[in-house]
Amino acid sequence: MLKRFIFLLVGITLTLSAHAGLFGNDQPKYLSGAEAFAFSATPKSDKQIELNWQIADGYYLYKKEIQVTPQNAEIQPLAFPAAENYHDEFFGEVEIFRNQLTLPITFSAEQANASLSVHYQGCTKGFCYPPETVTVSLDGQQAVDSAQNVAKNRENSTASQPLANAPKAEQDQLAENLANNRLSIFWFFLLGIGLAFTPCVLPMLPLLSAIVIGNKQRPNTFKALLLSFAYVQGMALTYTLLGLVVAAIGLPFQVALQSPPVLISLAILFTILAASMFGLFEIRLPNSWQQKLNAMSQKQQGGAFGSVFVMGMIAGLVASPCTSAPLSGALLYVAQSGDLLTGGLALYLLALGMGIPLILITLFGNRILPKSGDWLLKVKTAFGFVMLALPVFLLSRILPSHYEPLMWSALAMVFVGWLISVIPTQGVIKQAVRIVLFLTFAVASYPWANLVWNQGNSSHSAQVSNHLAFERVQSLAELQEKLTASQGKKVMLDLYADWCVACKEFEKYTFTDQAVQQKLAEMVVLQVDMTNNSAQNDELMKHFNVLGLPTILFFDESGKELTQSRVTGFLEANQFLNWLNQL
């Protein structure tokens with residue numbers, strides 16, 4: 001039983017790691033500018049219009065880039081809501097908006113054909129969008145003057161080959177998100193089954209089964225199934241209501257839950273919860289609360305559907321030391337999602353998973369129950385490691401991107417090391433499992449080994465130029481001339497802008513790498529400065545269907561773009577080198 005559960009936990013951990021982009025080189029999928037920052041303008045009165053941005057999760061707008069310029073009108077000073085302070089490695093302390101921004105505009109004077117020119121620009125981790133300029137009339141009608149036209153041209157593009165790394169169509173992206181959400185939701189069901197095999201719950205299942213059935217003669221199998229199912233549904237109702245309440249409360253605070261202080265606090269809280277799973281201390285309801293709930297439960301009579309249902313509801317409130325930490329973590333996850341459907345369904349599946357063993361024991365008796373022992377404590381400890389994945393995921397959202405693989409690597413090494421220590425050395429199968437775990441440990445240590453290797457070669461790398469020597473091009477016509485003149489060599493075109501954080505990361509961490517520079521020496525390396533978002537820049541973006549920056553294009557020896565090799569978003573040096581080697 002322990003081995004099966006360990007394999008389940010390893011699967012969960014690998015899924016979390018893959019979702020967080022642990023060691024993979026897959027290109028991330030980015031939304032279009034119109035999807036990431038859905039803009040609308042709504043007239044509120046003859047003298048006021050309301051600008052609204054619905055900002056996708058994980059994306060943000062820079063406050064300093066939001067500018068409103070009146071045409072044939074005068075407006076009162078802009079009244080921004082409180083912004084989030086954000087530390088950027090390259091731009092220092094900046095103010096940003098996440099999730100939603102509403103900006104009321106009040107006119108103090110206006111003439112005929114009055115309008116507003118609204119300028120804004122935003123980013124997400126590893127990717128930035130060109131500045132947007134929208135013209136808004138007083139009746140709320142709007143016309144996009146700049147970069148959003150690129151997204152529209154993308155949809156109408158007649159390019160001969162699809163872009164492998166371009167974002168998917170909106171309906172495809174939605175379908176993929178729904179599929180991913182369904183998968184993540186069902187992990188709560190597996191988590192519930194796992195919680196039933198903790199040392200605080202498993203030994204109580206036979207007693208609980210007897211209480212559910214009651215003191216009368218054992219009912220037939222069908223009635224026993226219905227009674228146990230009623231108990232589980234009562235417990236599930238309590239958990240579902242908890243999920244709905246927490247999700248509803250979480251909705252107004254989604255902006256706060258994105259700020260670094262809150263994310264750091266949540267990471268510390270999850271670490272404390274994980275420590276409780278390691279047995280350092282216990283988290284439970286106050287004794288007085290538990291005694292009152294237990295007294296209420298004892299007043300109910302077993303064997304009756306209504307009483308059994310109420311008993312299940314009360315049991316859902318009595319959080320044991322083994323289940324309170326994972327339950328708290330699940331509730332915090334639900335609060336951050338702010339989704340009522342997700343919140344209710346996730347906690348329902350958690351309770352349903354916890355109730356499956358109870359139903360089986362009620363039907364088939366204690367003979368199917370695994371024997372208690374030290375393995376129960378190991379299951380609890382394994383849950384502690386799963387809990388530690390949450391702080392890593394939270395901190396990866398605010399730390400520089402090169403720290404994320406190091407954190408996942410450290411967690412994986414500690415987890416695998418613990419698995420090696422608890423698996424006995426006797427037996428051929430167990431020895432084979434240990435060998436596989438040792439190999440897994442070696443793979444998990446790769447980011448740290450790569451870090452040490454790069455530091456060890458830093459003195460030698462210093463002899464190489466710190467900055468890659470790009471040849472600048474200004475327009476599409478000039479680029480085509482360069483491609484014609486570069487016959488016989490591959491060409492790399494880097495689209496760069498001063499406002500692009502990930503472009504600066506490429507410049508600092510990737511293009512300064514010795515191995516990358518040696519590989520690029522085999523090519524012609526060109527660069528376009530997109531900082532001013534000029535008409536020439538816009539022409540390039542439309543021609544190549546570029547969504548945002550950084551974007552790096554590659555051309556073969558004949559000057560034809562290698563569309564399958566386009567890079568969107570930041571890649572570290574080793575990832576980018578692997579990408580170059582596949583050209």
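Using the three backbone atoms N, Cα and C, a Cβ is placed for every residue, glycine included.
Annotation source Swiss-Prot lists signal peptide at 1-20.
Annotation source Swiss-Prot lists disulfide bond at Cys123-Cys128 (among others), citing sequence analysis. According to its DSSP assignment, Cys128 (disulfide bond) is in a strand.
Taken from Swiss-Prot, the feature transmembrane segment applies to 185-205 (among others), supported by sequence analysis.
According to Swiss-Prot, the feature disulfide bond maps to Cys200-Cys322 (among others), an assignment based on sequence analysis.
Residues or ranges marked as transmembrane segment by Swiss-Prot on the basis of sequence analysis: 237-257 (among others).
Per Swiss-Prot, transmembrane segment is recorded for 261-281 (among others).
Residues annotated as transmembrane segment in Swiss-Prot, with sequence analysis given as evidence: 302-322 (among others).
Residues or ranges marked as transmembrane segment by Swiss-Prot on the basis of sequence analysis: 344-364 (among others).
Taken from Swiss-Prot, the feature transmembrane segment applies to 375-395 (among others).
Annotation comment: Swiss-Prot describes 405-425 (among others) as transmembrane segment, evidence class sequence analysis.
Proximity of distant same-chain residues to the transmembrane segment (433-453), defined by a Cβ-Cβ separation under 8 Å and at least 6 residues beyond the stretch ends, is recorded for 3, 23, 405-406, 408-410, 412-413, 416-417, 419-420, 423, 425, 574. Annotation source Swiss-Prot lists transmembrane segment at 433-453 (among others), citing sequence analysis.
For the domain 'Thioredoxin' (440-583), the mean pLDDT of the prediction comes to 85. Residues or ranges marked as domain 'Thioredoxin' in Swiss-Prot (evidence: sequence analysis): 440-583.
Under the three-state DSSP scheme, Cys500 (disulfide bond) falls in the coil class. Under the heading disulfide bond, Swiss-Prot lists Cys500-Cys503 (among others), citing sequence analysis as support.
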Tertiary neighbours of Cys500 (disulfide bond) (same chain, Cβ under 8 Å, six or more apart): Cys123, Cys128, Met530, Leu549, Pro550
Secondary-structure category, per DSSP, in which Cys123 (disulfide bond) falls: strand
Around the Cβ of Cys128 (disulfide bond), the count of other Cβ atoms that are within 10 Å: 23
